[in-house]
Amino acid sequence: MDIFQAVPLHLQIPRIEIPKMASAASTPSTMSSSQTWSSSRPQVPISYQQLRKLSEWGIEALKDTSPTVVGQDRFESQEILIDNDYRTDFLNSHEEDSRWSKQVDLIMKQLPYGDLDAFVDEFHYEIISSQLLTSSIASHHQLFTVQKSILNFNKENTLSIHNAEGKTIPTKYGQLLISGKKFYLQRTIPYMFTILTARKAFRKMLYKRHLPRSSLMSLLMIAVYLALQQEYFHAKYSKYTALLNLRQMNAALQSVDKLIYRYHLTYKELTIYKPIALTENRGLRSDEARTLTLLTDVLTCTVDQLFHKLNIASSNILPVVNAVQLTDYISIYNVDLQSLYQMIRTVESLDITQKLERLQYMRKFFLCCLLSINYTDPLKKCEIALVLKRIFPGYHVEKTSDIERFQIISKQLYTLTQGISSLLPVLHHYKHLLLSVYGSTIEKEDPESKEAVITQSIYRLSELQRYLMKQDKTSTELSSHLIDELNGIIQIWNIDYKHNSHEQLKPPKCSPRPSSQRVFSGGLNLDIVKTTSDIPVVVDSFPKLTSLVDVLEVDETGSDIEKEHEELVYGTENDQETASSNDSKFSRFTDDQLRHELNQRILNLSIENKKSRENLRKQKSFELMNRKIENQKKGRPQIDCKGLFNSEESIPVLFELKQFLNRRSD
């Protein structure tokens, strides 16, 4: 709002001339500046008789040149608003006005609500870029970093305060009180009252002559500056708090969502395994049944509490939400209000899967409500308002200021974050249930395998402690059970150690060979020396072949010679016995062991095959080169006129010679 809009201006008001009529006996009446301005108020010197005659005009008296369109020749510009003396005072003070205008620009540099659009965009981006509106398992990549963020609030407004605890410090943002690690800031100048009072005073100053206005304008501008700064600080702090609480709520909600997802997977695995065990005429073991019961209780308690907390937060935020934008967002993210109404108002007992679906629906609706918060006032009369009134009986539209709106949002987000954080200790306390389903099986895909082993060991030790507390006598059965449990725990750590040592020697999953031996299809491999020197390092880490490998002869076209002569090959009895023994050996392997054995053999064969092909190519290149040299010595004509050593077979040899000469020159 421009509070200095009443600065004197030189206005242009046209002079009106009344044309002479045939029936009128008077002369044309004109309006001049000398007749229209007085010290009290302007007066128009037109008599009642002239006005009466003006009313007798008809349409036939008006012509195209009548003063009906602005800009015609009948209009003449003349300055009549301000008299000469008053205009002279302002012309003489032109330099002073320019000095005041610079001060006004500095005062208006930081307006309280100038960055509201940027805050709304950053608030929306913080919600959309999270994993909550899409898949909770998808990888999260930050699209871009906000350069001028609302969260840079502390950096811009740092205060160097030393030994000021318990004292009240006057600042331009208000009275500052420091108590421990908390800061209390109290507003000292009301915003709207100060702005309206200053505007009224500036307007009155325009009609006061010969009044020293410098001191009064300085006082008013200081008051306006302090009011703007305090409003700017409080508005930005409310936006800063809302965005900070939103970020904390996002982090807490994502952590809970990931843990609930893992609990649900374990629950589904047990519920799928249970009917299979019953079909085989054997029920679940006691530990598996106890784990399934605990998982059901933990999931039910956590999901129900989180759903009701989101429901309360949504109903409290709805009064400051723009209902039209909420309609757009729930259609984008496929949230059906009818289904939401049925999920909230249902009284039937739901299973775990249905409760999780209800929780995801409410979470999406809550985030859509946050996306619908902007700087416009919520609408009272719209179609969706009636539907929201049925879903949330306490729904009503409130007309609040921007600061109050951000404070409501910040308070609800903080309360929701505290409620979500109270669920995390429960989920972490029963995290060992996720690892007790398959006994000593360790999740290989878990990046925190060390933590998984520790958690599983603690769980088994706690179970062993609970078992020992129930025993009152020492017996052989108790000793054997204790030894078996301890051996099982030791076996877990041995499996983890072997798994880690195998991972160090295991090539990447994307290729059956190590990264140093990865072959890129870029043509003929030129660096023979460096390639062959790297092979023994890899070969030593794997068992070598005991039998020789027959290398097929390859012609110049690259096709195998033996492929053209296909014939049946019959195995001997010795081969059949070896195959049967291998079958019996492999039948005892698990799928992971078979896959590992197959990968090892493929890797060994590929290394040996590559080495033999490189030796064959090298030998062939030397033979071709020697043949050309012998033909040249005997004086035999060359078939082609090309130079020596320019064929593809001679490239590896030339590459080696070049490296050898470079080492000699160094």
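Keep in mind that glycine also has a Cβ here, set from the backbone N, Cα and C atoms.
Look at Swiss-Prot and you will find 214-230 tagged as transmembrane segment, backed by sequence analysis.
Within 10 Å of the C-beta of Asn374 (N-linked glycosylation site) there are 18 other C-beta atoms, taking all protein chains into account. For Asn374 (among others), the entry in Swiss-Prot reads N-linked glycosylation site, with the evidence type sequence analysis.
The region 'Disordered' annotation in Swiss-Prot covers 562-586.
Among the features that Swiss-Prot reports, N-linked glycosylation site is placed at Asn582 (among others), with the record citing sequence analysis.
Per Swiss-Prot, N-linked glycosylation site is recorded for Asn604 (among others), and the stated evidence type is sequence analysis. A sphere of 10 angstroms centred on the C-beta of Asn604 (N-linked glycosylation site) encloses 17 other C-beta atoms.
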- Item | Alpha-carbon spacing, Asn604 (N-linked glycosylation site) to Asn374 (N-linked glycosylation site), which is rounded to whole Å | 64
- When DSSP states are folded down to helix, strand and coil, where does Asn604 (N-linked glycosylation site) land? helix
